[in-house]
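Q: Under the heading DNA-binding region, Swiss-Prot lists 158-233. Sequence annotations record features per position, and here Swiss-Prot assigns Zn(2+) 1 binding site to C161, C164, C178, C181. Residues or ranges marked as region 'Modulating' by Swiss-Prot: 1-160. Per Swiss-Prot, region 'Disordered' is recorded for 232-256.
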Amino acid sequence: MSSAAMDTKHFLPLGGRTCADTLRCTTSWTAGYDFSSQVNSSSLSSSGLRGSMTAPLLHPSLGNSGLNNSLGSPTQLPSPLSSPINGMGPPFSVISPPLGPSMAIPSTPGLGYGTGSPQIHSPMNSVSSTEDIKPPPGINGILKVPMHPSGAMASFTKHICAICGDRSSGKHYGVYSCEGCKGFFKRTVRKDLTYTCRDSKDCMIDKRQRNRCQYCRYQKCLAMGMKREAVQEERQRGKERNENEVESSNSANEDMPVEKILEAEHAVEPKTETYTEANMGLAPNSPSDPVTNICQAADKQLFTLVEWAKRIPHFSELPLDDQVILLRAGWNELLIASFSHRSIAVKDGILLATGLHVHRNSAHSAGVGAIFDRVLTELVSKMRDMQMDKTELGCLRAIVLFNPDSKGLSNPLEVEALREKVYASLEAYCKQKYPEQPGRFAKLLLRLPALRSIGLKCLEHLFFFKLIGDTPIDTFLMEMLEAPHQMT
């Protein structure tokens, strides 16, 4: 007699019949069947087996043919018995011993098991049949419900290192492996290292002992299928990527050469290096109006600003009306950037193009202290801290100049393309000149919002009062742009 039939004395009577009577009808297919081969580890979880399942009624009136029919077509089942123990009710009829798990026969193919494969089911953790089938918590994403009994092992092996058994981080060089074995194999191949074994070349390689013998570890890497050529191909791809980056940088510099931008800065640079305390003009307690002096210096700088713009690559190729629009939109920011960078060596003040030094106290006395302090803290101080050079200043000013959002442009996309070229050239310059400062390019760009905000505030407070007198700015700029380009 089978072990299943011998345990019938533990079963409770159902409907006037003993469960032993019910079980006898299944003897023909349960005898000699190894249930353990079909037990899914996820069904033993405390959360129970989730999902929608149907099972045939185990009833004495069903012979073997009745059982087979019920397995093939659940709709032909007699009225099932509802078990208060497992709470499932229809479409389940469960044989429930007082101790241990109950047994149900699912007929739903969605579980991934063959029809009629028995399952172990926890009677105290049943769920609604309308829920989706999910793996129990704790193994979700690691072990999946297999399509066949051996699927659990096939899925599990993808998540362990084939060399040492540690947790795999993915497929590396053809084999699922951990980061440690991946790095070990890559170093060995790239450096062309050779190892020797102190024992008999059959050392145990596992998670704890993988570092004891490098020879055996490397041999196991090869034996499990790691490919040396995969490492070499990876290195070649990295080399090609670096070459492409260099070519891209060179291409960007050819379109918008930073050397030309630097030449433009030097060409319009005022000769203020020889000023002394005597000719600074505005001492801290000077009665002179600092706003008037700033406006006079800005008026002078407008001439050189047009000259500077003409020297920026591709600016003169734009339509004349667009050139006027761009200068009109950015002149205040362009001048502020210039005198801010010129004032890096000055303490608590700014140095104008005329050689005059405006102290912070004078600005506060004139009622423009708030905006003056913003210039010192958000521009001058930041430029000083990062030691911004002339090339970087010129590129930032070129970015301000090529503003595609300026109203009235005939071709904003062309202006935007020129700005993108300046971005690319500046980034390539930072990488080449300051390789130890990977965030320098971003730091430079972060000065632009502050420059924009300060420029707008300066206009609001008439910081450049009477900048060009009674001459309309459009007419003034138009005359300057139509003048021949004086190369000095």
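Even glycines carry a Cβ here, placed using N, Cα and C.
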Q: Mind checking how the DNA-binding region (158-233) divides into helix, strand and coil residues in DSSP?
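A: Reading the DSSP string over the DNA-binding region (158-233) gives 28 helix, 8 strand, 40 coil.
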Q: Write out, in the order they occur in the sequence, the residues of the chain not among C161, C164, C178, C181 that have a C-beta within 8 Å of the mean position of the C-beta atoms of the recorded Zn(2+) 1 site.
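A: Here the non-site neighbours turn out to be A162, I163, G165, D166, S168, S177, E179, G180, K182, K207, R210.
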Q: Report, as a single number, how many Cβ atoms besides its own are within 10 Å of the Cβ of C161 (Zn(2+) 1 binding site).
A: 24
Q: On a count of neighbouring CB atoms within 10 A, which of the binding-site residues C164, C178, C181 is highest?
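A: Per the Cβ count within 10 Å, the most buried is C181.
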